[in-house]
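Copied over from Swiss-Prot, here are the features:
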type	residues	note
ACT_SITE	CYS671	active site, proton acceptor
BINDING	CYS79, CYS82, CYS87, CYS140	[4Fe-4S] cluster 1 binding site
BINDING	CYS91, CYS130, CYS136, GLN156	[4Fe-4S] cluster 2 binding site
BINDING	VAL129, 194-198, 218-226, ARG235, LEU261, 480-489	FAD binding site
BINDING	340-343, 364-365, ARG371, 437-439, 481-487	NADP(+) binding site
BINDING	SER550, LYS574, THR575, LYS709, GLY767, THR793, GLY794, GLY795, CYS816, SER817	FMN binding site
BINDING	ASN609, ASN668, LEU669, SER670, ASN736, THR737	substrate binding site
BINDING	CYS953, CYS956, CYS959, CYS963	[4Fe-4S] cluster 3 binding site
BINDING	CYS986, CYS989, CYS992, CYS996	[4Fe-4S] cluster 4 binding site
DOMAIN	69-100	domain '4Fe-4S ferredoxin-type 1'
MOD_RES	LYS384	N6-acetyllysine
Amino acid sequence: MAGVLSRDAPDIESILALNPRVQAHATLRSTAAKKLDKKHWKRNTDKNCFTCEKLESNFDDIKHTTLGERGALREAVRCLKCADAPCQKSCPTSLDIKSFITSIANKNYYGAAKLIFSDNPLGLTCGMVCPTSDLCVGGCNLHAAEEGPINIGGLQQFATEVFKAMNIPQIRNPSLPPPEHMPEAYSAKIALFGAGPASISCASFLARLGYSNITIFEKQEYVGGLSTSEIPQFRLPYDVVNFEIELMKDLGVKIICGKSLSTDEMTLSSLKENGYRAAFIGIGLPEPKKDHIFQGLTQVQGFYTSKDFLPLVAKSSKTGMCACHSPLPSIRGAVIVLGAGDTAFDCATSALRCGALRVFIVFRKGFVNIRAVPEEMELAKEEKCEFLPFLSPRKVIVKDGKIVAMQFVRTEQDETGNWVEDEEQTVRLKADVVISAFGSVLEDPKVKEALSPIKFNRWGLPEVNPETMQTSEPWVFAGGDVVGMANTTVESVNDGKQASWYIHKHIQAQYGTSVPSQPTMPLFYTPVDLVDISVEMAGLRFPNPFGLASATPATSTPMIRRAFEAGWGFALTKTFSLDKDIVTNVSPRIIRGTTSGPLYGPGQSSFLNIELISEKTAAYWCHSVTELKADFPDNILIASIMCSYNKSDWMELSKMAEASGADALELNLSCPHGMGERGMGLACGQDPELVRNICRWVRQAVRVPFFAKLTPNVTDIVSIARAAKEGGADGVTATNTVSGLMGLKADGTPWPAVGIGRRTTYGGVSGTAIRPIALRAVTAIARALPGFPILATGGIDSAESGLQFLHSGASVLQVCSAIQNQDFTVIEDYCTGLKALLYLKSIEELADWDGQSPPIISHQKGKPVPRVAELMGQKLPSFGPYLEQRKKIIAASKIRQKDQNTACSPLQRKHFNSQKPIPAIKDVIGKSLQYLGTFGEMSIMEQVVALIDEEMCINCGKCYMTCNDSGYQAIQFDPETHLPTVSDTCTGCTLCLSVCPIMDCIRMVSRATPYQPKRGLPLAVKPVC
């Protein structure tokens, strides 16, 4: 049988050992064997495992919400972008959540970050530490669906981290005059105390408003407040805090460290004497609440408050926080953490990283009363912290100068709801360290006296107006923890944001200037926003290259008006005709495509429609065009018209449209359904002679530019475009919808089906599914007719896809299906996205980025993974015994590295500046044409092969299966580790990369040896017939 060509050779049979086969019978395997199997392949924690993972000195990211680019794109596409989105109503800083998620889904990470930072200057910090389950995620409408709510925090973190990697500075609002030309009020002295989230937010917004004399006074030698000193590195890295502070400093805000609000240094009275017009108090709550039973206990004996412990951990683990280097607190044995808030859980998980053997989280009430967010509680549970509810501390037991145990009494809730302590029920817990996390207060008399004469409430905190954040002293404002209303970082940020507007209002009033009663907060700007994306085509200047196609978004002129108000650069009217050709539509007529599979809701890859041209009269459209041009003179408005093959009709209608004031005309010669039966649309657009003549007639009738709208339903679209040019057309639109039949139901009836007869017809397919057809048409016309203007349409749904059409030779871009999927506001995403894509081309340091996508590092679930192969010379997957082995190797590596930390200076952010000119739209038009050609022009000598990154591989075997049954059997799949290995028989076909679910897990690299095709039989062998 060895000579049988149609059977796999023995070596191939060996490769195919794990390839799926059709099952011919049920499978039998013993329960005992299956339990062993389960253990080998297990990826989550074994419920029978009670040992703690060694976490000492491991400050790697532990958040479940963290996302890589793949995860972010999948999650963003899932979002419904709801009309009156509840998530946005639940965000303290009122983030435009659905819009920034739209930008992420469209790979416009700059646009997403711009939206986030516009409402929240600490958008990256909040993306990492926000209790989203209680805020935005808590209101997500997808809670009502099987797949559950959107990971909003992870998306926010991802977009802002990508922006952070761009190293682009923040700039002042471009519409403001230079600082030296601003009114005198904007140079007023403003002081802020405490460099935490509330003050950073307040100062950022004041600087965006135009104020130039803003100083933050911070008593510590580091900045960031609790974000730096108390939120652990594994939840919030210091470089994130530093990045947001540097963004603030980009606007000229000054920070002076080592200066505190105290009678010993600075007071409100001294500020006023020194000419400060406004002050903001954002000092937090600096002293810990401490139970009387801890009097006299110190760190030497093993007692810490959270205010002692967490800053010590931070100084050791947060590189760049300060110039000094200090070791982690030496924690051994059992640790008791008292409290049930977020801080208590931070103490617990940090204690494990300081060497604790076991951690007990003890709290007075039950699990249902835990104040910490579920995310924090779940992480502590996963790290094997023990939870002990219903216990109130009574006594600390010290022996030989060291804590050895604590005594508690049981608590319970009585019938009236009050909590009582039962002194008869006592519990004694052995412990080596006790950490108290019972909250914080403002008690320092020197600080309180320095705040005089502001009033304090019954909790000893500054009394403020909750709407303005103004204290009893009109020029003094306060926010954050010190006010007692903000319980989270994001609420502190909003306090600062809120205060900034009323500080602005107060200062302006002092100078006799009024401000709007409705706050108008300034946005976040960078040099990207200065990029010019206007473009000229056929003598017309388009404000930006994005416009409404002659389709459903242009059903009426009020819709076009709203589109122009939203920022669209141009629009086409819905195609209209002479009254004698007026139409009436059927219904149903616009349906979702089947190309998206079982994806319902927004994000459809295609639609099919059997809608005809506009049902409205030519008079309606012409009157409306006149109105719109009067109100939007800078926007381009193109009238789309259609007639049968009749010279007088075309001349009459085109003159009518020109007289209305339309900037240009589009001749619809391509409607693929319905109109062709009337001798219009497709009936005219498939014959070059008819197209040429119609264009000649219109050229004789009008002076304004006109464009022929072409159909892709022809063999040679170039011949149609050439005919249009020969007829005098100023350009073409490529392309209209593709004729198709979307699907049939199980009973054989079509959808859409009209009337009781369930009739249908071939319709027009639109959306991203037809983008390859449209790109082919645009590039073919651009190559054949250089310089001939092309209006592209067909699957444009983002700045990235729009740039593809510009690179293909189009000058402007028409959009329809993407608006059907969302709404007119997507234009903001398209414009910021295109500006970013152009701007990034000017930065040498980002030359290895793919648009707005940075190079992907080896990661699992969005978190960088140590390359275990480099640590021990062995490749290990991330499941079962191999996962346990990986954890041990990484733990040992972290302990080895802990003593290698060296002192370092505070981090300095380096801006990436443009080294090359920022390309204009005209510079990128047709850029890709140089790469297109015939098959014979491609090299058969420069071959590639697949290279798999085992650290990123999730061991699914999709590459293996497609190579076996659709390729060349060049991938081996280990039966124990499920690690795929590419053999030297790889032909570089790239199918494996195409089906791999993990971005950049497989790369195609240059082949090191000459490629020798397998011919089956030598070329000299003749066939046997």
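Note that Cβ sites are derived from N, Cα and C of the backbone, with glycine treated the same way.
Structure with Swiss-Prot features highlighted.
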{"residue": "CYS87", "record": "[4Fe-4S] cluster 1 binding site", "Cβ neighbours (10 Å)": "24"}
{"residue": "CYS130", "record": "[4Fe-4S] cluster 2 binding site", "Cβ neighbours (10 Å)": "31"}
{"residue": "GLN156", "record": "[4Fe-4S] cluster 2 binding site", "Cβ neighbours (10 Å)": "33"}
{"residue": "GLY224", "record": "FAD binding site", "Cβ neighbours (10 Å)": "27"}
{"residue": "ALA340", "record": "NADP(+) binding site", "Cβ neighbours (10 Å)": "24"}
{"residue": "THR343", "record": "NADP(+) binding site", "Cβ neighbours (10 Å)": "27"}
{"residue": "ALA486", "record": "NADP(+) binding site", "Cβ neighbours (10 Å)": "22"}
{"residue": "GLY794", "record": "FMN binding site", "Cβ neighbours (10 Å)": "32"}
{"residue": "CYS953", "record": "[4Fe-4S] cluster 3 binding site", "Cβ neighbours (10 Å)": "23"}
{"residue": "CYS956", "record": "[4Fe-4S] cluster 3 binding site", "Cβ neighbours (10 Å)": "15"}
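Here the C-alpha separation of ASN609 (substrate binding site) and CYS956 ([4Fe-4S] cluster 3 binding site) works out to 39 Å. Between the C-alpha atoms of LEU669 (substrate binding site) and CYS953 ([4Fe-4S] cluster 3 binding site), the distance comes to 50 Å. With CYS136 ([4Fe-4S] cluster 2 binding site) as the anchor, the candidate binding-site residues are GLN220, GLY439, GLY767, CYS992, and the one with the nearest CA is GLY439. A separation of roughly 9 Å, to the nearest angstrom, links the Cα atoms of CYS953 ([4Fe-4S] cluster 3 binding site) and CYS996 ([4Fe-4S] cluster 4 binding site). Between the CA atoms of CYS816 (FMN binding site) and CYS963 ([4Fe-4S] cluster 3 binding site) there is a gap of 38 Å, rounded to the nearest whole number. Per DSSP, the secondary structure of the domain '4Fe-4S ferredoxin-type 1' (69-100) breaks down as 18 helix, 0 strand, 14 coil. Cα-Cα distance from LEU261 (FAD binding site) to ALA486 (NADP(+) binding site): 21 Å (rounded to the nearest whole number). Restricting the average to the domain '4Fe-4S ferredoxin-type 1' (69-100) gives a pLDDT of 97.
DSSP assigns ASN609 (substrate binding site) to a strand segment in the three-state reduction. Same-chain residues that are not part of CYS79, CYS82, CYS87, CYS140 yet have a Cβ within 8 Å of the Cβ center of the [4Fe-4S] cluster 1 site turn out to be LEU80, LYS81, ALA85, PRO86, ILE97, LYS98, ILE101, CYS136, GLY139, ASN141, LEU142, PRO149, ILE150, ILE152.
Put simply, ASN487 is the one of the recorded positions CYS82, LYS384, VAL483, ASN487 whose Cα lies nearest to the Cα of ALA340 (NADP(+) binding site).
Cβ proximity to the [4Fe-4S] cluster 4 site centre (mean Cβ of CYS986, CYS989, CYS992, CYS996, cutoff 8 Å) flags the following additional same-chain residues: ALA946, CYS959, THR962, CYS963, GLY967, ALA970, ILE971, VAL982, GLY988, THR990, LEU991, LEU993, SER994, ILE1002, MET1004. Near SER550 (FMN binding site), with the C-alpha within 10 Å of its C-alpha, lie none of the binding-site residues CYS79, CYS140, SER670. Here VAL129 (FAD binding site) is compared against the binding-site residues CYS91, ASN736, CYS992, and the shortest C-alpha distance is to CYS91. In sequence order, VAL945, ALA946, TYR968, ALA970, ILE971 make up the list of same-chain residues 6 or more apart from CYS986 ([4Fe-4S] cluster 4 binding site) whose Cβ falls under 8 Å from its Cβ. Only CYS671, GLY767, from the recorded positions CYS91, CYS671, GLY767, CYS956, place their Cα within 10 Å of the Cα belonging to THR737 (substrate binding site).
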